[in-house]
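The transmembrane segment annotation in TrEMBL covers 21-38, 44-65, 77-97, 109-132, 144-167, 173-194.
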Amino acid sequence: MPQSLEELFDPEKHALTGGHYFLLALSSLIIAAGLFFGRLDVVVGGALIMPILVSAYAVGLGALLGHRGLMRHAYPGIIKSFLAAAAGGALFGLFSGMNRELAFLALDYTFRVAALYALASFVLSGAAAYAWGRRWIGEVIPGFIAAIALVPPLALAGVGVSTLAFGVMRYELISLACNAVSVVVGSFIGFSLVKKKESGDDERYG
């Protein structure tokens, strides 16, 4: 286990591979299908094969530590992950024969839902970052929370692109942006609390 917050994210250990992007696209396709057809079991099945997105926390951690290299290392993997997830949703839209009208009717597009989704992402990401930084849990749970926050909007944005339902795409991209900010800010606050706790412990026992 890492001995300090600075050692929490290892760029070599967390390097993303082609298998990561393939699983991300596949899980995105399955999740898009489950969401559009109202099948919770299908959504859960897609989530079970979803790779974790630990790199999303590197942005908040890098900002806290002033470590620009860590943030620069994370960005390419995050962007490729976003594209892979959107591609999975787009494939579902293309091969399902879904049309624009169905895409609009399939989901309840309200900003209240998007706001609640972002709030949940913020709270869970912050709590997970704190627990991870305190070594209470491993990286899997934080990475899974980030994936759940970011992959479904990307999957549905991909569906919106492939079906030319640009209203769907616009809504989901707004939801994605809100969730991404929530994950970064939540993790920043969570890691900040860990750093403050570690500083207090050092002063107490130093």
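Heads up, the Cβ atoms here are built off N, Cα and C, so glycines get one too.
Two recorded stretches are said to be in contact when at least 3 C-beta pairs lie under 8 angstroms, sequence spacing 6 or more; the transmembrane segment (173-194) and the transmembrane segment (44-65) meet this definition. If you look at the transmembrane segment (77-97), the same-chain residues 6 or more away from its ends with a CB under 8 A from one of its CBs are 15-16, 20-22, 24-30, 32-33, 36, 53, 55-56, 59, 103, 150-151, 154-163, 176.
Distant neighbours of the transmembrane segment (44-65): 5-6, 8-9, 14, 16, 20, 23-24, 26-31, 33-34, 71, 73-75, 77-78, 81, 125, 129, 132, 139-140, 142-144, 146-148, 150-151, 180, 183-188, 190-192, 195; these residues of the same chain sit at least 6 beyond its ends, with a Cβ under 8 Å from one of its Cβ atoms.
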